[in-house]
Structures are given as C-alpha cells and as structure tokens.
Amino acid sequence: MASSSSATSGDDRPPAAGGGTPAQAHAEWAASMHAYYAAAASAAGHPYAAWPLPPQAQQHGLVAAGAGAAYGAGAVPHVPPPPAGTRHAHASMAAGVPYMAGESASAAGKGKRVGKTQRVPSGEINSSSGSGDAGSQGSSEKGDAGANQKGSSSSAKRRKSGAAKTEGEPSQAATVQNAVTEPPLEDKERSASKLLVLAPGRAALTSAAPNLNIGMDPLSASPSSLVQGEVNAAASSQSNASLSQMDERELKRERRKQSNRESARRSRLRKQQECEELAQKVSELTAANGTLRSELDQLKKDCKTMETENKKLMGKILSHDDKMQQSEGPSVVTTLSIQVEAPEPHQGGHGKAS
C-alpha cells in the first residue's frame, strides 16, 4: 500500500533539481528539461551550457547549478549571454531533440488567443495529493484499488490543470519562439484570403462586377449593392443586345454580299452564253454571205457571156439585113422589115434589141 501510494505521489510530483528546492508546479516541462539534460550528459560540452538559465526556469525549480552539473561542475568558464531574441526558448530547439510534452508546446501557441487564467498555488496541489495519499493508506486492498484509481484520476486532473495554466500563462521563451516561428492568426487568415483570391484556374469576368456579398444574408444587403447589381444586370443585358444586333447586321451584310456574288455570277454566265450564240450566228452569216457572193460572181459571169452572145447575134442580123436589101426589091425590104420588127417584143427582156 505504501509502495502504491508512493508511486502515485511520485507520478504527480517531479523530483527536485537540487537540494532544498521547492516543489515544481509544471511537471511535464520539468520532466522534459531533466530528460534533455540527462540525455546530453554523456556528450561533449554543450556550447550553451555556461549561459545562465532564463528566469522562468529558475522559477520552476531549475537552478543554474543543477543544469551545469550534467556537464561537469566548473568545467566551462562564464560567457556573457547573447542579445535578447537569439537564445533558444527550449533545449529541444538547440540540439534538434523533439519536445516531449506535446500539450505544453501546442498550448504555448494557443496562449495568445486564450485569456490568462489564474495560477493555482502549489500548496493546494500538495494538500490534495497528501489527502489522496492518506485516504489510500487507511483503506483495505479493495479500497487501495479505488484509491489508486482516485489518485490516477486526480493526477490526470492535475495534469490538465497544469496544461491549462501553461495555456493561460506561457513562458517568455515560448512566446519568443511562437513569435519567431509562427505568424499571427490575423496574418494567416489574411494570407489564406489572398491565396483564395489569387488561386490559379479562376478566370476573372470582364463584364460582370465581383460579388462581395458571398455567404451573406440577401435580406441584410444594402440597397446600394442591390441597385449596383441591377445596374450591372442592365448593362450586361444592353451589351448582350448590342452584340446580338451586331451579329444580325453582320449576318445581313454577309447574306447581301452572297446574293450580290450570286447575281453577278448568273449575269456573267448569261452574257457569256449570249456571246457564244452571237458568235455562232456570225459564223453562220459569214458562211451564207460567202455563198451569196460566190453566186453573185457566177451570175455576173453568166451576164457577161450572154452580152457577148447578144452582140454576136445582133451583128449577124445586121449583116444579114444588109445583104437582103442589096439583093431584093423594096417589097422584100418591107417584108423583111416587118419580119425583123415583129420579134422585138420577145427580145425586149434583154434591153438591147434594135
């Protein structure tokens, strides 16, 4: 029973760093510091061993003598501390060792947004642990198990209260670490909003104005925004109407051009056909003219031959008349004259009968 109570009390209270130091309120933080110094005791001399610990570490029960004892007492000379802001907030940052108490590390970042809580004095924790130990010693084996359960629950509650105190009052070193490593919450939200606005793949509309009332109640929108939306809608409708009118005009112009081209092509084909017909008629007429000319030439030749024959006949007739007049009397001449003059109407078609 005594061993179980001592075990529970040992889990609740961290061991003292040096002789005569008070009990520590933050058990996890002190345990991580002791684990770090115990792990680094066998290594070479740490370059930051001679620096004095921050006042927060001295308040939590870790003195400079206890920290330097892991590397050998008096082995490293005193070195002046570096300027503010350059020292490491925790030993895990200097040597690259992961921080053992994850709750306190996350609580240091939350301390900026959560209000400060009142620190519970260490006397109350000691008194509560003492009362739990006394109750566990005075009970039986069955009661001892219940006391162990109560002690474990009380230790869990104390761990939670320690984490809450760590969240409420972060140390100065943790504040410096969070200020250096993590940007403020407002900067994160601002950068996130910028990233959302500047994300690739979101095309910007040129005609429509951006809507700034996304996720807001439409009933609570201001009348100016509603009027602006109506104006934008009217402008977009006007632009669409103008575009449609321009499209219709373009279509009409294209149709007119197409009809003009078709009419010009038809007229060109018609004129070409007429020209071909006229050329054919000209060729036919020239051929007919040639035949007529040839016939005319033939007629002229026939006329000339007939004229020559007529002249020969007339010469023969005249010579015959002269001979008849010389051989016969006047009666004969008269008869001959009558005979000669009688066929004149028959020979009048030639126009040269005497």
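Just so it is clear, glycine is given a Cβ too, placed from its N, Cα and C backbone atoms.
Small disclaimer: the values here were computed from a predicted structure and weren't measured.
Sequence annotations record features per position, and here Swiss-Prot assigns region 'Disordered' to 1-24, 106-193, 230-273. Under the heading compositional bias 'Low complexity', Swiss-Prot lists 127-140, 232-245. The compositional bias 'Basic and acidic residues' annotation in Swiss-Prot covers 246-265. Marked as domain 'bZIP' by Swiss-Prot on the basis of sequence analysis: 250-313. The region 'Basic motif' annotation in Swiss-Prot covers 252-271 and rests on sequence analysis. What Swiss-Prot lists as region 'Leucine-zipper' is 278-299.
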Task: Same-chain residues at least 6 beyond the ends of the region 'Leucine-zipper' (278-299) whose Cβ lies under 8 Å from its Cβ atoms - done: none
Open item on the list: Should anything in the same chain at least six residues away from the region 'Basic motif' (252-271) have a Cβ under 8 Å from its Cβ atoms, list it; otherwise answer none.
Closed with: none
- [ ] Take the domain 'bZIP' (250-313) and average the pLDDT across it for me.
- [x] 93
